[in-house]
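According to Swiss-Prot, the features are:
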{"type": "DOMAIN", "residues": "83-163", "note": "domain 'PA'"}
{"type": "CARBOHYD", "residues": "ASN121", "note": "N-linked glycosylation site"}
{"type": "CARBOHYD", "residues": "ASN171", "note": "N-linked glycosylation site"}
{"type": "SIGNAL", "residues": "1-21", "note": "signal peptide"}
Amino acid sequence: MSRGAAGWCCLVLWLPTCVAAHGLRIHDYLYFQVLSPGDIRYIFTATPAKDFGGIFHTRYEQIHLVPAEPPEACGELSNGFFIQDQIALVERGGCSFLSKTRVVQEHGGRAVIISDNAVDNDSFYVEMIQDSTQRTADIPALFLLGRDGYMIRRSLEQHGLPWAIISIPVNVTSIPTFELLQPPWTFW
């Protein structure tokens, strides 16, 4: 093998390892499936924060997705006890994405999913960025379309449930297209 070919071979072998070690970045999608309640048993698409937060090192087969109270999660959470070791669903607005992520992290959450506060948003992903402070967050932070967040919250309210049960992350490449349970209100 020539010296140039050996160099390219090393690069090709190293690149997938580098991507796997660093996880998803902006414009990558992460998928999760709601397992319960059944009326929203769909696979949802989210995007990771651009320059803060951690990555998923574990696949959670069943974990609670707990809507934060208050929904904007800019301070103390009245249901913070339920967020410990679970994933919080919060709404955009009131404070920075990083501030919301830190509030959930301080309550022991494993990750935060921040849905757009524009409930009619069914196609535009917002780029979540650092807030120019020196603060950091270690848990994954994901952005969810406003329509998706609204539909999850609405279903929980209709059923009188304090949380949804989800599986995250979901590898959609291993699911046949006809089996993908996509929300009927969202274009893929």
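In case you wondered, yes, glycine gets a Cβ from its N, Cα and C as well.
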The predicted model's mean pLDDT over the domain 'PA' (83-163) is 96
ASN121 (N-linked glycosylation site) to ASN171 (N-linked glycosylation site), Cα to Cα, whole Å, comes out at 24
